[in-house]
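J.: Residues or ranges marked as Zn(2+) binding site in TrEMBL: Cys255, Cys306, His307.
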Amino acid sequence: MIHKHAMARYINHTTIATPPPANPSQEIIASLTNVVTGFPPRNTYSKHDLQGLYSGPTSIAYLFFHLSKSSPDLLIAERKPDYWCNRYLSHSHPQILVRPSRCGVANETLAHLSVGAVAGQGGNFVDPFLGFVPALLAENVEGASNEWLYGRAGTLYLLRLMRAYTPPNTRLDEAITAIIDKVLEEGPTWFWHGKEYLGAVHGSIGILTQIVLSEPARAAQIKGLLGESIAAQSSETGNWPSSAESGREHLVQFCHGASGFAVSLLATRQYYTHDSEFLETINEAIKRGRWCIYERGLLTKESCLCHGATGNAVALEGESREGLMQWCQRTVVEQGLKEGVFVRSDDAWGLFCGEAGRAWGWMVVESFGEGMVGYSDV
């Protein structure tokens, strides 16, 4: 049995026996079978269910889209991945508003259009998506957001996703350039709910990552800003604070802290290989961040991508990743929940807070995926 302090955010797994090795392929099948039986495709969904790539049917469809590319013949509940992808998309007809404060990867309307476009659902999904872009470029909109989950950085990801899997379209490139210009115009200090967040989900590193991945020619332009983000890393712990205002670096997860930074820097460093000094700065930050992630990465929250051990494992590599993922096995998680070691997530099935995300972690272990799905995978 694992024991933890009542207020602990993580379990020191380096001092206790690691669970027996898992079979990643079996974990993928078991997790996704659980998803399609526990949260099957429906004819109707509540508004609460429709959270874009973050959670709900479109998030699950996107995971199956990835699986259809890496393992098209893998059977989940006797059906291939493309079947499940299309089933989860087919009855989701979102009527979610798109506006500058709600245009990130969690926007169901934009996410559904982008996944529908890449999954070959038939019909035109790209043009309706592009039709929303002018509204996102409006001036002086109160509450406008530039972060990844709810803001324009998330729009950049969705545009990049369509560009990667649909026929060449100069309008996608033009939209990406226009969104980047707008984001930079509103920076370089970006706020969300009144705070200058630093992390991947709500903060500056997430914004900068989406800019560079969407338009690599911008790498030199935002190098200074990226350097400032790296410099916020604690020299003592290797972690980053959640916001400039708090100065506290107690969170180690993809949402806030070292995991999101490591995932981001791993994805963007390829565009700085010509700058040996800056590349060394990036590599050293990743190294120190990964040390922190491994030490503090087994979180007491139920294993998931956004704020759980699975997201932390994605930021690691090799034996460190596999070792942390052993704690993400379904049997281990279920036992931990039963014993009160882990705190149950309020989203059992979705991509970033539920079991679908654990499947992504095992897909990364199996080299079926790379990076963080919905963030740095394209």
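Heads up, the Cβ atoms here are built off N, Cα and C, so glycines get one too.
Computed from a predicted structure; not experimentally measured.
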J.: To which of the binding-site residues Cys255, Cys306 does the lowest count of other Cβ atoms within 10 Å belong?
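T.: Candidates: the binding-site residues Cys255, Cys306. Fewest Cβ atoms within 10 Å: Cys255.
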J.: When you measure from the Cβ of His307 (Zn(2+) binding site), which residues in the chain that are at least 6 apart have a Cβ under 8 Å away?
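T.: Counting only residues 6 or more apart in sequence, the Cβ neighbours of His307 (Zn(2+) binding site) under 8 Å are Leu251, Gln253, Phe254, Cys255, His256, Leu299, Lys301, Cys353.
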J.: Around the Zn(2+) site formed by Cys255, Cys306, His307, which additional residues qualify by having Cβ within 8 Å of the site's Cβ center?
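T.: Output for this site, in sequence order: Val201, Gln253, Phe254, His256, Cys304, Leu305, Gly308, Gly311, Phe352, Cys353.
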